[in-house]
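What Swiss-Prot annotates here:
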| type | residues | note |
| --- | --- | --- |
| DOMAIN | 18-166 | domain 'Thioredoxin' |
| DISULFID | Cys60-Cys94 | disulfide bond |
| ACT_SITE | Cys60 | active site, cysteine sulfenic acid (-SOH) intermediate |
Amino acid sequence: MQKVTFKEETYQLEGKALKVGDKAPDVKLVNGDLQEVNLLKQGVRFQVVSALPSLTGSVCLLQAKHFNEQTGKLPSVSFSVISMDLPFSQGQICGAEGIKDLRILSDFRYKAFGENYGVLLGKGSLQGLLARSVFVLDDKGVVIYKEIVQNILEEPNYEALLKVLK
């Protein structure tokens, strides 16, 4: 099992770990209107799925802002950001921070994303939240890039991700 750290704590990731080449599971998530939606989108060249513990964290907010900026530069790419935050909180934070071009989704109801993508934090003070991670799916829903950030307090490797999308 893969492990990540937050300050002095080490967490085992729970769920089924996906690897590059796997077909990504289509899971149910909750949007800002409290409606259930499927994760996988049709008709896009690439889908970037970015998970983070909570939009209330400063590094998490930087991650969301970075992907929000990329939406206009990469029109053939769909960007989704997923956390365990309640959709109301997600909407308030994104509205206050000008994050409006991302698909913001919550895994709070079923934890299906965390469990099916292997990024659910195990025992510790952040138990039940999502590990900071990024998946890129191709137009057939196959994982072509995966990064699980080892230290939750660090941002993903944006340069490596952008190379995959070009």
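Quick reminder: no glycine exception, Cβ is built from N, Cα and C everywhere.
Minimal Cβ crowding within 10 Å, among the disulfide-bonded residues Cys60, Cys94, is found at Cys94. The predicted model assigns the domain 'Thioredoxin' (18-166) a mean pLDDT of 95.
Under DSSP, the residues of the domain 'Thioredoxin' (18-166) split into helix, strand and coil as follows: 39 helix, 40 strand, 70 coil.
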